[in-house]
C-alpha cells in the first residue's frame, strides 16, 4: 500500500516532540543502568534470586524516577497526546514486560541467564528507540547490549558480572545521550 498523504516532516516533528519531551531518553537509560548496577550488587552481596527481584521491582520505578529527575533538570517529561511514537513506546514497554516471565524461566535453568536474557530483551527495545527518538545512537546501544549479553552467555558469566555489565553500558550511554541532548539544546 502506498501512502500518498504521508508527510515526512510530521514524522520528524513527532520524533522531535519525543526527544524534547524526554531529554532524548537519556535519563531513563541512565536510571535503568543504576537499577542494573544496584541489582548486580544485590547478587554479589546477597543472592542471585534477590538480585533478580531487585531488577524486576526496580525496573517498575525506572520511568517515574527518570521523569522526576528529568523535571528537576528542566526536561518536560511528556509528549503530545496525539504523538504516534508515544503509542510505540508504550507497545515496546508492554512487549518488554511480557518477556520478563521468559527471562525468569531461563533463570530456573541457570540463574545468570535471567540477566543475559533481559539484556537481550532490553537491547531489542533500544533498537525501537532509534525510530521513536530519531537517534541512531540507540542502534549502537542495542547492538552493544545484545553482543554483551551473547558474550556473557558464551563465557558462562555469572549473575554479578552480567548485571554489572548491562548497568555500566546503560550508564555510559545515558551520559553520552544526555550530553548530546545538552549540546543540541545549546545550539538552539
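Glycine too: its Cβ is placed from the backbone N, Cα and C atoms.
According to TrEMBL, the feature transmembrane segment maps to 21-45 (among others).
Summarising the annotation, TrEMBL assigns transmembrane segment to 51-73 (among others). Within its own chain, the transmembrane segment (51-73) has Cβ neighbours under 8 Å at 22-23, 27-28, 30-32, 35-36, 38-40, 42-44, 100, 104, 107, 111, 114-115, 118, 159-160, 163, counting only residues six or more beyond its boundaries.
For 85-107 (among others), the entry in TrEMBL reads transmembrane segment.
Packing against the transmembrane segment (137-153) from elsewhere in the chain are residues 25, 29, 112-113, 115-117, 119-120, 122-127, 129-130, 161-162, 165-166, 169-170, 173, 176-177, 180: each is 6 or more residues past its ends and has a CB under 8 Å from a CB in it. Marked as transmembrane segment by TrEMBL: 137-153 (among others).
The feature transmembrane segment is assigned by TrEMBL to 159-181 (among others). Remote same-chain residues near the transmembrane segment (159-181) are listed as 19, 23-40, 43-44, 48, 51-52, 55, 111-112, 114-116, 118-119, 122, 135, 137, 140-141, 144-145, 148-149, 152 (criterion: CB distance under 8 Å, separation of at least six residues from the stretch ends).
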Close approaches to the transmembrane segment (21-45) from elsewhere in its chain (Cβ under 8 angstroms; 6 or more beyond its ends):
51-52, 54-55, 58-59, 61-63, 65-67, 69-70, 73, 75-80, 115, 122, 126, 129, 132-133, 135, 138, 141, 158-164, 166-175, 177-178, 180-181, 184
